[in-house]
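J.: Before we start, here is the structure in question, set down as structure tokens.
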Amino acid sequence: MIGGARGPQWGSRLGFLMAAIGSAVGLGNLWRFPFQAGENGGGAFVLIYILCVFLIGYPVLVAELAIGRHKGRSANGTAPDLPVDKGRAPNWQITGWFGLVAAVMILPSYSMISGQIMAYSAMSFIGDLGGKGTSSLYDGTLAPMLWFTVFVAITTAIVLRGLNKGIEAASVFLMPMFFLLLVSLAAFALFSGAASEALTYLFTPRFDEITPDVVLAALGQALFSLGLGAALMITFGLFLPNDENITSNATVIAGADTLVALVAGLMIFPIVFAFGMNPAAGMGLIFETLPQFFAGMPFGNLIGGAFFFLAFIAALTSSIAILMVSRTVGVEQFGLSERNATLLFGLLAWGGGFGLILIDELGSWLDWIVGSVVLPIGALTAALLAGWVAPRSLMREELAQTSDWLFALWRGLIRYVIPLAIVAIFVTGLSR
């Protein structure tokens, strides 16, 4: 368990929650959720998504936090000491290794997109965006390399300051600003856009549109949005004090993440419908269509700048968490100092990003590998570890503040329902 000489702890519950919510709330909430909703029937998708978050995502979130707190070391060292039968232990190190693989593969491409967002925010505020699309801004220039490098440097600098002075302090500062900007921009969009059409589209389920593909898309989005399978929450659990209620904290994290996704829909869809845009346009909506919209409206530079700064905060808090996973593994498993581990994996992200700039198809391939293979297997191994490998008594001890009936429900879901659901996502992803 964490405590005393075992290592650092979160300085406060607020600090932990802001960091955990920040790691879960990322670009996926701002563009992937609206895109998935637009592509899969709007309200029907939202209804299934909310059910998936709390019936599938939430139990895995609880499992990852419990696994992390029990071990109190690195994400890679989580499994070996959990089972009573130590002979099986080495096989379950895969839980942490998938997190490290995901972190190393995700951070370069995530930082590339985040660098573009930084550029868009800066150019919007100074009135230089002018409705230009990504291609006209970036082709034949050094801008991608410059902004990408700046973003990786900011992420690395924050993680270098450590758990409390870096990650926790940054999250406590950034996340309230994120929530304020999100609510303000959503209110602006609702009052100036097609609010009625957006509300109907987002919250009216059309049950005839609920198909197996919609269910699988919602399930995949729930796991993706909460950051499950990448050892983020296992790593955050390492520093969680013994007296913290895991199920209560997980409820706040899952609830906040879901709320952000819904409010993001309210921020984007009124504009989409008011100006006849395609609600299923995905990343093109963020980088191509919205800049043109902002450029043509009064005070568009300020509103556009605020929107892209909001996206920058979401990207930064998630990137900090991803680098934190790599740093923790580097310290505990490879014997590196915190400083050297942070610099090493920061440089790996930087080098990987240059590879993405030079090889266009590499980013799409990495995204597919991570989303369809690495994250589902990581979430599956965490569920199997908590449900089948770890003794019931161990999990009950970590969830001691949870009622008996809720623990029984959680254990049933984590042992039977969730593994089958994740396998369905995995098989479907590979077949496409």
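The backbone N, Cα and C atoms fix where each Cβ goes, glycine too.
Here's the feature list from TrEMBL:
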TRANSMEM  12-31  transmembrane segment
TRANSMEM  43-67  transmembrane segment
TRANSMEM  96-122  transmembrane segment
TRANSMEM  142-160  transmembrane segment
TRANSMEM  172-194  transmembrane segment
TRANSMEM  214-240  transmembrane segment
TRANSMEM  252-275  transmembrane segment
TRANSMEM  306-329  transmembrane segment
TRANSMEM  341-359  transmembrane segment
TRANSMEM  365-391  transmembrane segment
TRANSMEM  412-431  transmembrane segment
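Could you tell me the structural context for the features on the list?
T.: Among residues of the same chain six or more beyond the transmembrane segment (142-160), those with a C-beta under 8 A of the stretch's C-beta atoms are 111-112, 114-116, 118-119, 166-167, 170, 315-316, 319-320, 323-324, 327, 338-339, 342-343, 346, 349-350, 353-354, 357.
Outside the transmembrane segment (172-194), and at least 6 residues removed from its termini, the chain residues within Cβ reach (under 8 Å) are 14-15, 18, 21-22, 25, 260, 263-264, 266-274, 303, 306-307, 309-310, 313-314, 316-317.
Sequence-distant neighbours of the transmembrane segment (214-240) (same chain, 6+ residues past either end, Cβ-Cβ under 8 Å): 2, 7-10, 16, 19-20, 23-24, 26, 28-29, 32-33, 36, 39-41, 44-45, 48-49, 51-53, 56-57, 60-61, 64-69, 71-75, 78, 95-96, 98-100, 102-103, 106, 163, 246, 249, 253-254, 257-258, 261, 318, 321-322, 324-325, 328, 371, 374-380, 382, 421-422, 424-425, 428-429.
Residues of the same chain lying 6 or more positions beyond the ends of the transmembrane segment (252-275) and with a Cβ under 8 Å from any Cβ of it are 17, 20-21, 24-25, 29-30, 33-34, 37-38, 46, 49-50, 53-54, 57-58, 61, 182-183, 185-186, 189-190, 192-195, 197-199, 201-202, 225-226, 285, 290, 293, 307.
Beyond the transmembrane segment (306-329), the same-chain residues lying 6 or more positions past its ends with a Cβ under 8 Å from any Cβ of the stretch are 19, 22-27, 29-30, 74-76, 96, 99-100, 103-104, 106-107, 110-111, 113-114, 117-118, 120-121, 124, 151, 154-156, 158-159, 166-167, 170-171, 174-175, 177-178, 181-182, 184-185, 227, 230-232, 235-236, 238, 267, 286, 290, 294, 338, 341-342, 345-346, 348-349.
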